[in-house]
Each structure stands twice: as C-alpha cells, then as structure tokens.
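Q: If you scroll down you'll find the structure; I have some questions about it.
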Amino acid sequence: MTSQSLRDQAATFGLTTEEYDLFVSQLGREPNALEAAIVGAMWSEHCGYKNSRPLFRAFPTTGPQVLQGPGENAGVVDIGDGWGVAFKMESHNHPSAVEPVQGAATGVGGILRDIFAMGARPFAVLDSLRFGNPDSPRTRFLVNGVVDGIAHYGNAIGVPTVGGEVTFHPSYQENPLVNVMALGLLRHEDLATGTMGEVGNQIVYVGSKTGRDGLGGAVFSSADLSAASQADRPAVQVGDPFMEKLLLEATLEAIQAGLVAGVQDMGAAGLVSSTCEMAYRASLGITMDLDKVPTREEGMVPMELCLSESQERMILVPVPGKEQALHDLLAKWELDVVTIGEVEAHDRYRLTWKGEVVCDLPVALLNEAPKYTREGVESADIRAARERDLSGVPLPGDLGAVLLELLSHPTIASKRPIFERYDHQVMTNTVVVPGAADAAVLRVKGSPMGVAATSDCNPRFVQLDPYAGAAAAVAEAARNLACVGATPLAITDNLNFGNPHRPEVYYQLQQAVQGIADACRALNTPVTGGNVSLYNQYTEGDHKVAIHPTPTIGMVGVLPDVTVRASLNLKAAGQTLLLLGHRAEKGWSDSIGASQYLETVHGLEAGQVPPVDLDLAQKVVDGTLALIRAGLTDTAHDCAEGGLAVALAEMAIAGGLGLNVSLDAPASVRADALLFGEAHSRVIVAVEDAAAAGAKLDELGLPYAVLGETVEAPKVTIAAPAQHVHLSVNLESLKTAWEEPLKGILG
C-alpha cells in the first residue's frame with residue numbers, strides 16, 4: 001500500500017488526515033499499514049483520551065488515603081490495618097449496543113482484570129445501566145441481554161454483583177450505557193503496577209490464545225453509533241469467565257510469591273496497548289516476536305495479532321532471575337505461557353514477524369496522542385429549558401396518585417427483578433444485600449472493618465446544568481455512603497458524553513469535569529482514575545441524538561466497625577423521623593425544577609437544577625455518620641429521585657411499617673415541590689431518642705427538621721397544612737406500584 005493510499009484511508013485507522021500527517025511528521029518517514037493501524041488505535045479517544053485528558057488537570061488526585069492514583073490499571077486507597085481497596089469503573093457502551101450479552105459480560109471481565117492486575121482480589125461488582133423507552137422491544141432486548149451478560153460472567157467467576165443503578169430515558173434508546181465498577185482487596189505489600197521494570201526483563205504473555213474477536217474495538221468505541229454499527233459485531237469480544245478465574249488465581253499467586261515485576265491487562269487495543277503503556281511508564285523500549293503469540297485461529301497476520309481484543313489475556317514481566325519459577329507457576333494453572341519479547345535500552349516499540357521488523361515506532365509517539373482543547377458553547381435550547389418559568393405548571397389534584405406514579409417509574413421502581421439474577425452472596429462478604437440500603441457494604445474478613453461502595457448520577461440534572469449536575473452526583477455518592485455508616489474516601493469516574501466535536505457536547509464535558517473536581521475537593525474524595533466514553537450518540541432521521549451527559553461517580557468508603565451501620569428500612573414503630581440538612585432559614589424544597597416528577601407527570605425536562613451547597617453536603621455526611629456511630633440511628637436514607645415523599649415511601653415499603661408526617665412549610669411553597677422536589681443534601685433518619693439526636697446535630701451545627709413518627713398501621717400519611725395537603729396511601733398499594741414495573745421488562 002502506497003503512502004498516499006494510506007493517507008487516503010486514514011479514517012479506517014481512526015485517524016483524521018491531519019493526525020496522519022502529524023504522525024508521519026513525528027516519525028520522519030512514511031509508515032506501513034500495520035504502523036498506521038497501531039497509531040490509530042493508540043491515538044483513539046478510547047486509548048489516547050485526546051479530547052478529555054487536558055481537562056483532567058482540574059481533578060484532585062492525591063491525599064493521605066491514596067495509595068495509587070490515576071495512570072495505573074486501577075486506583076487504590078488505604079482503609080487501615082495494612083489493607084487497601086483497588087477500584088475502578090469502565091464502560092462497555094458501544095459493544096453492548098451491538099451485542100448486549102457479550103458486550104456486558106466482557107465489560108465485567110475487563111474491569112476485573114484491572115483489579116487483580118493491581119494485586120487485589122476482586123470481591124465486588126456494581127453496575128450503572130442506562131436504557132431507553134422501557135416500553136420499546138429494543139429496550140427490553142437490551143435490558144435482558146445486558147443483565148444476562150453481567151450475571152453470566154460475574155456468577156461464573158464467583159464475584160458478587162452487589163449494587164448499582166438503572167435509569168430509563170429516551171436519549172439512551174439506541175445507545176445504552178453499561179458502566180461496570182469493581183473493587184478488590186489487597187495487602188499493601190502486594191500492590192502491583194504495570195511497568196516493564198529494567199533492561200533485560202522478559203515480556204511474558206499469559207492467558208487465552210489470541211483470536212480475531214474484538215478487532216478494531218478501540219476505534220469502534222471512539223466513533224458514533226450508526227445503522228452500520230450492527231455490522232461491527234466482530235469488534236465485540238467474547239468472554240470466558242472460567243478462563244478468567246484461572247488467570248485471576250494464577251496472577252495473584254505469582255504476585256504474592258514475589259515473582260512479578262510488572263503486570264498489565266490486555267484490554268482496548270490488545271497486545272499493543274498493554275505493552276507500549278508498560279514501556280512508556282518505564283521510559284524503555286521493547287522488541288517482541290509476533291510469531292510467538294499463541295493463536296486459536298489459522299492464518300492470523302500481524303495486524304490481527306497486535307489489535308485483537310480477545311479476552312482473558314495478561315502481560316507479566318518476571319522479576320529477573322525468577323523467570324522459570326514464574327513459567328512453572330503459570331503452567332500449573334494450565335494457561336498459555338510464552339515469552340514473546342524483551343525490554344531493551346532504547347526508545348523504540350519494535351515488532352518482528354517471520355524474521356523481519358514489521359513495526360518500529362517511538363514508544364513516546366504511541367503514548368502521546370495529540371490533545372485537543374475545543375471551544376465549548378452551551379446549547380441555547382438547553383439554556384432556555386433551564387430558564388423556563390415553571391410557575392404555570394398545574395398542581396395535580398391527587399398527590400397520592402402522583403406518588404404511586406413516581407414509584408412505578410422504572411427508574412425509581414424496585415430493581416429486584418434485575419439483582420435477583422445476580423449472585424450477590426458468593427464469597428460471603430456481602431453484609432447488605434442490593435436494595436436494602438443506599439450503598440453496598442462488604443466485610444473485610446479477619447478485620448472489624450467494612451467497605452462500602454456506590455455508583456451515582458442523575459443525568460437529567462447534568463443535561464440541564466452540567467456543572468451542578470456533576471457536583472450533585474459526587475455529593476449524592478457521599479451521602480449514600482454516609483447512610484450506611486461509611487466515611488467517603490475517593491472516587492472513580494465514568495464520563496459518558498456525546499461527540500466532543502459538537503461545541504454543546506464539549507461544553508457539557510468541560511463543565512461536568514469542573515463540577516466533579518470542585519465537589520471532590522470539598523468532600524475530600526480524590527479522583528483515583530476512571531474512564532471516558534465519548535461519541536455516545538446515534539442518528540435519528542436527519543438528526544444526531546446525543547445521550548444525556550452521564551458522568552457516573554463510583555465512590556468507596558470505609559466502616560471502622562462493619563457491625564455499626566444503617567439501612568433504609570424502618571425498624572420499629574414509635575421512632576421519630578428527622579430530616580437532616582433541612583435549612584430553616586431557606587425553607588423547604590421550593591422548586592420542581594429538573595425533577596423526576598416534572599418529567600413523569602408533566603412531560604417537561606426544565607427548570608433550575610437545585611443548587612449544591614458543598615459545605616452543607618459535608619455537614620450532612622458528618623451528621624449522618626455521627627448519629628450512626630453514636631448508636632442513635634440504624635435507619636438512614638438519602639432523598640434523591642422523586643424527592644421527600646418517594647424517600648419516605650421507600651423506607652416504609654422496605655420496613656413494612658407506616659409513618660405519619662407533618663410538614664410545616666410556609667404557604668408560599670408549592671405542594672408538589674414540597675413532596676417531590678429534589679433539593680440536595682437531605683437525609684432522613686429514624687431515631688429512638690430524638691432529644692439526644694437533636695443535641696448531637698446541634699453540636700455539629702447541622703440544621704434538621706422533625707418530620708413525624710413511624711407507626712404500626714400500614715399506611716403512609718403526609719400532611720402539609722399550609723398547602724392543604726393530606727396524603728394517605730396504604731402500604732400495599734405503594735408496594736405494588738414499586739415492585740411490579742421491572743417484572744414486565746425482564747423475562
């Protein structure tokens with residue numbers, strides 16, 4: 001192939017013609033087709049973060065709790081007593097849109113490899129899923145496929161799926177989001193990194209044989225979805241959880257035996273990405289012999305060997321002098337183990353095939369993709385929606401019926417039909433089962449501690465105000481951890497956005513990153529890593545439809561004593577309900593802006609996103625933790641989608657008890673805003689000793705309100721005298737509305 005024809009075909013490699021010219025200029029000669037394909041993969045958004053990395057400078061990434069920050073396979077935080085938690089979230093959006101079962105399954109497999117590549121034993125998975133219209137046959141196909149894929153891989157490998165979130169909105173109709181978060185435990189001394197070490201070190205391929213599945217996956221995930229994407233099924237990998245289990249055990253045994261100097265998962269862009277990233281971290285060069293790569297298909301050529309994304313494969317670099325011991329250990333697990341190359345004292349990435357050099361590129365060139373800082377401009381339509389006057393929105397006549405309607409919305413309704421497909425008790429570390437509390441809680445065996453994890457984002461907030469919406473996602477994650485008794489430690493993020501070449505999309509990305517950064521600083525939760533998934537949009541007629549911007553936040557925290565925790569279910573009649581974060585000087589929730597209620601009942605996505613007071617957010621976290629750790633409450637629940645009334649109903653449904661609540665809001669507050677508005681930094685707790693709880697909150701300077709009490713009668717009663725509201729709905733009706741919707745979608 002001539003140099004001109006390569007330039008003409010730059011787009012097939014994932015490069016613009018300008019990027020191709022830059023590549024040639026930096027290389028100082030014309031590349032061959034393999035070299036162009038390798039650079040295309042490494043400069044893709046999926047691998048090179050060329051539209052997003054310049055924004056990451058805003059993130060706080062350090063702190064005394066951070067053992068490993070961004071740049072490795074996963075972040076690691078210190079939880080005390082010599083223990084660390086490795087955690088990370090990644091997306092498998094495009095593959096899941098094309099082949100939902102394998103797309104989701106391999107998403108689980110890939111994130112688990114990132115965790116055990118750090119020397120940590122995976123012990124939990126959470127998934128954050130976004131789908132389109134729940135009544136659509138395509139949505140039902142995608143939901144069932146994705147859930148089956150996650151269940152298949154997680155259940156088979158023996159790692160519990162312990163939590164997550166599921167959202168339904170038309171913007172995800174053709175482009176679902178599958179974000180998977182994994183956590184693993186490790187001793188500090190077992191922390192591993194992805195480096196080549198020193199000159200002379202061997203490069204060892206271990207795991208499954210290489211096939212043609214996943215070819216072009218990195219480039220496929222860095223472009224818009226279209227009707228032609230359905231033909232890209234070969235770009236979707238095929239997973240084998242039983243092979244991954246062998247690879248997991250072998251890798252951890254090798255690390256703990258002190259045989260490994262460096263370890264890296266083969267993920268996006270396969271063999272190339274994993275090895276050139278390791279070389280770049282070490283500031284060294286490598287030479288590899290592609291003839292030695294184990295294959296499962298006949299006639300594979302260098303481009304396929306380099307860019308295949310076949311699953312369950314790792315690169316290990318032995319400690320010098322322990323090469324044979326490593327080979328013997330890995331062979332015991334019946335894995336393919338082959339030395340395919342060596343670390344050398346130069347700066348080149350060299351590949352040979354049949355005795356000839358077929359690739360010779362600077363390591364830095366591969367790893368330093370061009371970076372773009374684009375101009376972001378807010379969409380005029382979105383600004384108009386945010387500034388819309390909502391005073392004319394009619395007040396529903398039957399607010400009890402509205403509560404039932406909100407509880408039956410698939411985004412709010414019970415996710416039991418989903419999580420009951422997952423084995424959430426395998427490994428026997430799960431202390432709080434999915435749906436029982438605002439975050440997952442896992443025990444650390446041999447220690448009194450527990451680890452909590454959550455994933456959160458309200459895409460509607462981010463659509464209307466990306467800065468406030470992203471900051472709100474961080475604050476909500478922190479509240480959710482506090483509601484189980486965990487101190488928030490750090491986050492991983494999964495930034496899902498549309499095409500960054502569109503100014504209105506780049507604006508959303510810019511603003512969301514800044515919102516995350518500011519919230520993380522305020523709440524002392526550094527960013528330890530994450531994932532960016534752009535080009536999440538599809539064509540509908542003559543229009544490009546982007547997803548709602550979805551910066552999903554995965555957050556971990558620690559419980560000093562896992563037996564001192566809280567859940568959301570009401571536990572006894574006669575307890576007092578307190579609303580933490582209620583600001584008497586500012587009144588009750590006084591807006592229906594950006595609420596699930598406004599969208600569901602009135603068909604509007606409009607209005608101001610409730611402002612995020614980060615000082616109050618920290619006080620609510622501190623106050624919730626203080627009450628739980630003082631033994632003053634074991635019941636706590638965050639107010640989120642659906643507002644105060646939905647949160648109270650969820651607590652009653654979970655506990656099988658009723659409640660009587662009276663809200664003393666002034667007459668100027670709309671009844672629907674009072675019940676269903678989504679003001680931030682609010683947590684409901686149930687306490688036996690209201691005086692002691694109040695004294696503790698006063699000591700902390702945290703505002704609160706007394707809502708009412710729990711009762712035996714199976715009925716939720718909410719009165720608001722100034723609004724002439726007296727809502728009373730029996731528990732059975734609430735429970736039916738909440739439990740049934742997803743049963744009709746799954747099956």
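Backbone N, Cα and C define each Cβ position, glycine as well.
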Q: Kindly point out which candidate in Ser533, Ser567, Ser589, Ser591 is recorded by Swiss-Prot as part of the substrate site with Ser91, His92, Asn93, His94, Arg113, Gln237, Glu309, Ser310, Gln311.
A: Ser533
Q: Which chain-mates of Ser91 (substrate binding site) that are at least 6 residues away have a CB under 8 A from its CB, listed by sequence?
A: Gly107, Leu177, Val178, Asn179, Val180, Asn494, Asn496, Asn531, Ser533
Q: In whole Å, could you give the widest CA to CA gap in the substrate site formed by Ser91, His92, Asn93, His94, Arg113, Gln237, Glu309, Ser310, Gln311, Ser533?
A: 20
Q: Round to a whole number and give the Cα-to-Cα distance in Å for the pair Gly530 (ATP binding site) and Asp265 (Mg(2+) 2 binding site).
A: 15
Q: Under a three-state reading of DSSP, tell me whether Asp265 (Mg(2+) 2 binding site) is helix, strand or coil.
A: strand
Q: In angstrom units, rounded to an integer, how far apart are the Cα atoms of Gln311 (substrate binding site) and Glu90 (Mg(2+) 1 binding site)?
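A: Per the Cα atoms, Gln311 (substrate binding site) and Glu90 (Mg(2+) 1 binding site) stand 15 Å apart.
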Q: Consider the recorded positions His46, Tyr49, Asp114, Asp265, Asp493 and say which one has the Cα lying nearest the Cα of Asn93 (substrate binding site).
A: His46
